[in-house]
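According to Swiss-Prot, the feature active site, charge relay system maps to His562, Asp612, Ser711, an assignment based on similarity to another entry. If you look up Swiss-Prot, you'll see 54-63 marked as compositional bias 'Pro residues'. The disulfide bond annotation in Swiss-Prot covers Cys85-Cys157, Cys101-Cys141, Cys130-Cys155, Cys191-Cys255, Cys204-Cys265, Cys235-Cys245, Cys298-Cys361, Cys341-Cys351, Cys505-Cys636, Cys547-Cys563, Cys651-Cys717, Cys707-Cys736 (among others). Feature annotation from Swiss-Prot assigns domain 'Kringle' to 85-157. Per Swiss-Prot, the feature domain 'SRCR 1' maps to 166-267. The domain 'SRCR 2' annotation in Swiss-Prot covers 273-373 and is backed by sequence analysis. Sequence annotations record features per position, and here Swiss-Prot assigns domain 'SRCR 3' to 386-487 based on sequence analysis. The domain 'Peptidase S1' annotation in Swiss-Prot covers 517-760 and is backed by sequence analysis. Summarising the annotation, Swiss-Prot assigns N-linked glycosylation site to Asn93, Asn521, Asn569. Residues or ranges marked as region 'Disordered' by Swiss-Prot: 26-88. Among the features that Swiss-Prot reports, region 'Zymogen activation region' is placed at 505-516. The signal peptide feature in Swiss-Prot is assigned to 1-21; the stated evidence is sequence analysis.
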Amino acid sequence: MALARCVLAVILGVLSEVARADPVLHSPLHRPHPSPPRSQHAHYLPSSRRPPRTPRFPLPPRAPAAQRPQLLSTRHTPPTISRRCGAGEPWGNATNLGVPCLHWDEVPPFLERSPPASWAELRGQPHNFCRSPGGAGRPWCFYRNAQGKVDWGYCDCGQGPALPVIRLVGGKSGHEGRVELYHAGQWGTICDDQWDDADAEVICRQLGLSGIAKAWHQAHFGEGSGPILLDEVRCTGNELSIEQCPKSSWGEHNCGHKEDAGVSCAPLTDGVIRLSGGKSVHEGRLEVYYRGQWGTVCDDGWTEMNTYVACRLLGFKYGKQSSVNHFEGSSRPIWLDDVSCSGKEASFIQCSRRQWGRHDCSHREDVGLTCYPDSDGHRLSPGFPIRLMDGENKREGRVEVFVSGQWGTICDDGWTDKHAAVICRQLGYKGPARARTMAYFGEGKGPIHMDNVKCTGNEKALADCVKQDIGRHNCRHSEDAGVICDYYEKKTSGHGNKETLSSGCGLRLLHRRQKRIIGGNNSLRGAWPWQASLRLKSTHGDGRLLCGATLLSSCWVLTAAHCFKRYGNNSRSYAVRVGDYHTLVPEEFEQEIGVQQIVIHRNYRPDSSDYDIALVRLQGSGEQCARLSTHVLPACLPLWRERPQKTASNCHITGWGDTGRAYSRTLQQAAVPLLPKRFCKERYKGLFTGRMLCAGNLQEDNRVDSCQGDSGGPLMCEKPDETWVVYGVTSWGYGCGIKDTPGVYTRVPAFVPWIKSVTSL
């Protein structure tokens, strides 16, 4: 009985719908929407009570069989006929309350769960026009209600579309193309006057396309053939439809089809970039998309090639790095650091970089860019992209040029401050520039692209200075050219507080990071301010470096006694250089001072390595010999009989000695562990005494040693108070970097009373 009642109720309901059907369209009579919530309909229940089921969609009414052929024969009708939306025409795309319809391809789950077979024609359709599936019933569409849920509603197509109908033409995909509007019965284009990304954002939103909206000009996707319908479109980017944007009247313009506007609505994927916070679309803070969130890029190691790649990926031809202070501040995450692009990347994340989110930066170091199209006349970096490599910061380094797909260097023949001025100008720096020669920032590894570059100092770019064929040279990488930009800023910060300089020892005022002699790497300028060198005067040769040394005060230097074995202890034969970094390039903090006195330990014998220690008094008046600065500071002495193996950590050796290939021109540094006394005794037997210590990394693949050119140089260790103490003087060893043969050093704590008695320190 219950089943019979249910069947009867269904039949009566169907008959009721047929009785209420419109005699012309055979569709349910019009009713306003959205209807007030009604508890009997699951679709309108509050979300907390709503069962997980498909909304009740408008099903086609069951018409008498005799009338069905008439329905099937209905053809597309013009928009002047009331309440008609042709099955293939772009008429209505909003509900009868003016709510925009969703695109049919945005709601496939609902279509898949809907029973009528005629609805299959709507699946995957990339438009939002109202439809009557199968030609039955009133046209309707999906929309999103006030609660953000997918709903459906009827359309009234009598006046054509409630929102302008838009399509993209000429692109490689449905996400890009020339913008065309349907108006007054025909398709037409938009003029690109004042067309920008804000306009593109509205177009993409109206088309239901998410992602990055970008405006394109000058008929980028080809010229249209219909009328030009709109001009001077000025959207803010927040509008739901282009109809809401300020614009010219329909059909009013002063353009040709060469100015047809286009857009691209690129899907958001990891690595997509944009410019944000600028006053126009071609400038701003560089931001990259990752895991659903935009973030910034740190400028550590940022080069002109990175700028070129970023601007090219954004659709521009050229660009320059800009101060991020010109753009709005950011509170977004810093996604990328140490980015390095080669110029061939098709995506920004193909550039070399740190892992996502790994950085040591603040937002003050965000990359800012200004990009320019080819037609703008703003080509600020013409010719060869350039970059600075292996400097202490982005304002200095070895000059490298990108030619024929490969980075290479410039030979320093004739290289002067005028050349440096041009390089720095091309990179966007305005301060004084200084040239550096003789591979001051290390030797490059690629080809040498240029030689005999001729600059007057007034050129805008390096390309204006090249007079010789690319690739033609007679140089080696030991002659690679470099520059320092904004030079005065570095110099004025270099003198420090006079009270601190005169009263302290063991202070490293300029070290910022540690790179790692054999197993070592270039140090930073001024990072080891007590490093000195003992040099022969020209009467005994070419003034070459003889030994390393350690500055103990303005007038006293510590070194090894064996340094005087060959040329004797005549003070007039030697000079001491402090504040040096590159042995062949004069620098502002460098001082070369004559020797007044040489004091060799009385127990030293030339045929032995014991007591291998000496003191050198510099020429000067009173206690003022070397001028102290951030690059010239004394080291601290240890306590008498102090055991560095127990009290010291973080030990380093420094010098200009053997690097494993040749003697270095730039100061080297290497971290070494202090080794147990018993190990050294077992290895060197009776040659190792209590006045010695040994240090070095003994692993086969990571051996670090101090070699011939570093004789007399310091072995420094850091104490808990962050001061540095000289615990050793480089003395002797078996070869350089040979397995199980650590370097041997004179143990300075054993000689503290002698040092103080000689120097009165």
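Note that Cβ sites are derived from N, Cα and C of the backbone, with glycine treated the same way.
Residue pair Cys717 (disulfide bond) / Cys563 (disulfide bond) shows a Cα separation of 23 Å. Cβ neighbours within 10 Å of His562 (active site, charge relay system), excluding its own Cβ and spanning all shown chains: 21. The largest share of C-beta pairs under 8 angstroms with the domain 'SRCR 2' (273-373) comes from 386-487, of the ranges 166-267, 386-487, 517-760. Other C-beta atoms found within 10 angstroms of the C-beta of Cys155 (disulfide bond) number 25, with every protein chain shown included. The distance from the Cα of Cys130 (disulfide bond) to the Cα of His562 (active site, charge relay system) comes to 97 Å. Within the domain 'SRCR 1' (166-267), the DSSP-based counts of helix, strand and coil residues read 16 helix, 33 strand, 53 coil. For the recorded site, Cys155 (disulfide bond), the DSSP three-state label reads coil. Of all the disulfide-bonded residues listed (Cys130, Cys141, Cys298, Cys636), Cys636 has the fewest other CB atoms within 10 A of its CB.
For the disulfide-bonded residues Cys351, Cys361, counting C-beta atoms within 10 A of each C-beta gives the highest total at Cys351.
Ranked by Cα separation from Cys361 (disulfide bond), the active-site residues His562, Asp612, Ser711 are led by Ser711. Minimal Cβ crowding within 10 Å, among the recorded positions Asn93, Asn569, Ser711, is found at Asn569. If you draw a 10 Å sphere around the CB of Cys204 (disulfide bond), it holds 24 other CB atoms from the protein chains shown.
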